[in-house]
Amino acid sequence: MWLLLHVILLTEVKDFALADSSMVAPLCPKGYFPCGNLTKCLPRAFHCDGVDDCGNGADEDNCGDTSGWTTIFGTVHGNVNKVTLTQECFLSQYPQHCYCRENELECVKADLKAVPKVSSNVTLLSLKKNKIHRLPVKVFSRYTELRKIYLQHNCITHISRRAFLGLHNLQILYLSHNCITSLRPGIFKDLHQLAWLILDDNPITRISQKSFMGLNSLFFLSMVGNRLEALPETLCAQMPQLNWVDLANNGIKYITNSTFLTCDSLTVLFLPRNQIGFVPEKTFSSLKNLGELDLSSNMITKLPVHLFSDLHLLQKLNLSSNPLLYVHKNQFGSLKQLQSLDLERIEIPNISTGMFQPMKNLSHIYLKTFRYCSYVPHVRICMPSTDGISSSEDLLANGILRVSVWVIAFITCVGNFLVIAVRSLIKAENTTHAMSIKILCCADCLMGVYLFSVGVFDIKYRGQYQKYALLWMESVPCRLLGFLATLSTEVSVLLLTFLTLEKFLVIVFPFSNLRLGKRQTAVALASIWVVGFLIAAVPFTREDYFGNFYGKNGVCFPLHYDQAEDFGSRGYSLGIFLGVNLLAFLVIVISYVTMFCSIHKTALQTAEVRSHIGKEVAVANRFFFIVFSDAICWIPVFVVKILSLLQVEIPGTITSWIVVFFLPVNSALNPILYTLTTSFFKDKLKQLLHKHRRKPIFKVKKKSLSASIVWTDESSLKLGVLSKIALGDSIMKPVSP
């Protein structure tokens with residue numbers, strides 16, 4: 001029966017491998033896939049999205065990854081063993097707490113300490129979850145008709161070399177979840193018909209070829225969760241019919257060219273979650289029938305270029321979660337029948353479309369980043385289907401993001417243009433400060449232009465983004481947008497720091513001569529723009545070191561929090577955000593705290609303390625909102641960068657929310673905080689409105705200097721705070737004792 005099963009499986013393998021080539025499908029453009037037997041083609045984004053876009057449901061068929069032999073094996077095995085049993089018991093002798101049905105006996109959780117005596121015609125014996133610790137000599141010798149034995153969860157520590165003597169008809173043996181430390185040579189020598197041997201979750205540290213002596217018909221060997229550090233020199237020497245081997249979650253450190261040399265029948269090989277560091281080039285050369293290979297979660301850093309050259313029938317390959325440093329361009333060139341390829345958590349710096357082109361039957365691929373999916377336009381299902389920003393359909397995958405990018409861009413541009421216009425029309429006493437504010441608004445306007453551009457390209461690629469994703473991220477417009485966003489961000493940060501320090505000197509040291517003149521201020525502002533330009537332009541100077549610095553995501557912003565990013569890109573991004581920007585943020589926070597403390601101290605020293613309470617509250621409120629807006633903008637970025645340093649996995653959606661919602665906060669709020677809400681602006685606006693409403697009846701006469709009220713634009717208290725200060729009280733002298 002098991003030989004028949006083996007023949008069926010091999011037939012299924014070859015038929016399944018050729019199935020796709022026999023199907024006639026319409027020719028579709030790159031990135032599009034057929035709707036079954038219809039002439040209609042749809043892009044990848046419309047396949048397996050839960051919606052019948054084809055009209056015949058073909059776009060929602062075969063969405064699950066059923067390649068490999070798990071499904072085929074389960075189906076065939078299920079059909080062979082599907083037998084309906086009656087409730088009648090054919091056993092005359094068995095323990096009281098056991099359940100009998102025909103010739104099968106289940107003694108689960110029966111508190112047994114040894115194999116019980118039962119009728120010799122038993123065919124299935126289940127002794128799971130008992131207290132059996134030893135299997136002595138000939139313990140099953142009376143039960144020559146046994147076909148299945150289940151001994152899981154017993155903590156068996158000792159198995160006699162002759163424990164299974166005489167079980168010539170045994171087909172399935174479960175010894176998983178026990179305390180077996182070794183397999184003695186010849187322990188299975190009488191089990192010539194055994195097809196399944198399951199030894200999962202045992203502390204077995206070593207096995208040899210002689211451990212499996214006699215297993216001529218073994219089809220399935222599972223040793224998951226053991227403590228193996230090495231495999232026998234030739235694993236299949238005593239198991240010529242071995243078809244499926246599962247050695248997951250062990251401590252295997254190496255495999256050699258001879259390990260699977262005699263495993264001609266092997267179709268499934270699982271070796272995930274081990275400690276394999278290198279796989280020799282000829283390791284799998286004899287596995288001509290291999291259909292599924294899993295090498296995931298090992299320590300493999302390098303793969304020989306011809307490692308898979310003999311695996312012509314391989315349909316499923318899993319290499320995910322390995323610290324691979326390089327993937328050869330022709331690594332998968334011979335895998336013509338491959339249908340599923342898993343490369344999750346693997347950085348491929350030399351990725352190209354040619355690397356995957358030979359795999360014509362590939363239907364499922366799993367890659368590290370959504371960006372990589374643009375290199376496999378011929379694959380129907382590519383995961384991840386989004387990077388949190390973009391999807392296969394749209395540059396901005398989230399509907400909220402699509403709307404918000406326009407709203408925030410509009411607020412940012414209109415607010416800053418309004419401030420520039422108003423500041424140009426209204427004459428202020430402090431012209432240098434007004435100039436600084438207008439320059440700040442220019443920098444913030446660039447962020448609005450960046451967001452508008454992202455919105456425009458989102459509309460341009462709507463519904464077909466994946467088709468153009470690679471071209472877009474490598475394009476000049478994308479790089480220019482990234483440059484523009486970085487320039488805006490850095491110039492804005494440096495300008496805010498400059499303005500903060502300028503006011504810090506005015507408030508904390510009111511009697512010093514540390515003041516910048518108009519020319520000095522102009523030089524400082526020009527220098528800030530030059531520095532910001534250089535910071536944003538440096539990645540263009542060495543593309544071999546920085547890579548495509550601005551083209552790592554659809555919005556072209558260089559947050560770079562992924563561990564596997566190019567070292568140059570990631571290091572430079574860290575230098576910008578955790579170097580320049582974090583330092584600037586700390587300077588701003590400390591300066592405002594010091595300024596508030598200085599104002600508070602000065603107020604307490606005046607004679608009219610109560611008159612200053614309301615003013616202090618106003619100052620405190622405005623200082624709070626200035627610092628709070630900076631915190632909203634930068635703290636999320638700092639947290640993300642610090643978490644990336646700690647190697648914490650960060651969801652891809654983070655970038656989109658930071659770029660659309662958090663980073664533009666300062667650009668959108670700066671006009672409000674520094675101009676539109678100030679008393680200076682309000683009063684000047686009222687004056688302009690009055691001029692348009694009525695003609696002046698009389699001219700205001702000049703008053704004496706001591707009683708005059710002077711309008712000041714940020715001249716004494718804070719950045720963005722304007723107030724009327726009587727000149728006589730503006731210099732707050734200490735109260736004499």
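Glycine is no exception: its Cβ is also placed from the backbone N, Cα and C atoms.
Summarising the environment of CYS41 (disulfide bond), the number of other Cβ atoms within 10 Å of its Cβ, over all protein chains shown, is 17. The annotation disulfide bond is assigned in Swiss-Prot to CYS28-CYS41 (among others) on the grounds of similarity to another entry.
All protein chains shown were included, and the count of other CB atoms within 10 Å of the CB of CYS35 (disulfide bond) stands at 24. Swiss-Prot lists CYS35-CYS54 (among others) with the feature disulfide bond.
Reduced to three states, the DSSP call for CYS63 (disulfide bond) is coil. Annotated disulfide bond per Swiss-Prot: CYS48-CYS63 (among others), in sequence order, evidence recorded as similarity to another entry.
For CYS478-CYS556 (among others), the entry in Swiss-Prot reads disulfide bond, with the evidence type similarity to another entry. Around CYS478 (disulfide bond), the same-chain residues at least 6 positions away in sequence with a Cβ under 8 Å from its Cβ are TRP472, TYR550, GLY551, CYS556.
Swiss-Prot lists 27-64 with the feature domain 'LDL-receptor class A'. Across the domain 'LDL-receptor class A' (27-64), the prediction's mean pLDDT works out to 76.
Look at Swiss-Prot and you will find ASN37 (among others) tagged as N-linked glycosylation site, backed by sequence analysis.
Secondary structure at ASN121 (N-linked glycosylation site), as computed by DSSP, is coil. The feature N-linked glycosylation site is assigned by Swiss-Prot to ASN121 (among others).
When other Cβ atoms within 10 Å of the Cβ of ASN257 (N-linked glycosylation site) are tallied across all protein chains shown, the result is 14. Among the features that Swiss-Prot reports, N-linked glycosylation site is placed at ASN257 (among others).
Spatially close to ASN318 (N-linked glycosylation site) yet at least six residues away along the chain are PRO272, LEU293, ASP294, LEU295, SER296, ASP342, judged by Cβ distances under 8 angstroms. DSSP assigns ASN318 (N-linked glycosylation site) to a strand. The N-linked glycosylation site feature in Swiss-Prot is assigned to ASN318 (among others).
If you take the C-beta of ASN350 (N-linked glycosylation site) and look for same-chain residues 6 or more apart in sequence within under 8 angstroms, you find TYR326, VAL327, LYS329. Here Swiss-Prot flags ASN350 (among others) as N-linked glycosylation site, drawing on sequence analysis.
Taken from Swiss-Prot, the feature N-linked glycosylation site covers ASN361 (among others).
Marked as repeat 'LRR 1' by Swiss-Prot: 121-142.
Annotation source Swiss-Prot lists repeat 'LRR 2' at 145-166.
With a threshold of 8 Å between CB atoms, the same-chain residues lying at least 6 positions outside the repeat 'LRR 3' (169-190) that come near it are 1-2, 128, 133, 144-157, 159, 161, 163, 196-208, 210-215, 222. The repeat 'LRR 3' feature in Swiss-Prot is assigned to 169-190.
Look at the repeat 'LRR 4' (193-214): DSSP puts its residues at 4 helix, 4 strand, 14 coil. If you look up Swiss-Prot, you'll see 193-214 marked as repeat 'LRR 4'.
The repeat 'LRR 5' annotation in Swiss-Prot covers 217-238. Listed as Cβ neighbours of the repeat 'LRR 5' (217-238) (distance under 8 Å, sequence separation of 6 or more from its ends, same chain) are residues 2-3, 5-6, 176, 192-211, 244-256, 258-266.
The CA atom of CYS63 (disulfide bond) is located 13 Å away from the CA atom of CYS35 (disulfide bond).
Within 10 Å of CYS35 (disulfide bond), as judged by C-alpha distances, the recorded positions found are CYS41; the full candidate list was CYS41, CYS48, ASN121, ASN257, ASN361.
Most Cβ neighbours within 10 Å, among the disulfide-bonded residues CYS48, CYS63, CYS556: CYS556 holds that distinction in the structure as shown. A helical conformation is recorded for CYS478 (disulfide bond) in the three-state DSSP classification. Nearest Cα neighbour of CYS54 (disulfide bond) among the listed recorded positions (ASN37, CYS41, CYS48, ASN121, ASN361): CYS41.
Note on the disulfide-bonded residues CYS28, CYS54: the fewest other CB atoms within 10 A surround the CB of CYS28. Summarising the environment of ASN361 (N-linked glycosylation site), the number of other Cβ atoms within 10 Å of its Cβ, over all protein chains shown, is 18. Only pairs six or more apart in sequence are counted, and the transmembrane segment (576-596) with the transmembrane segment (654-674) gives fewer than three Cβ pairs under 8 Å, not enough to call it a contact.
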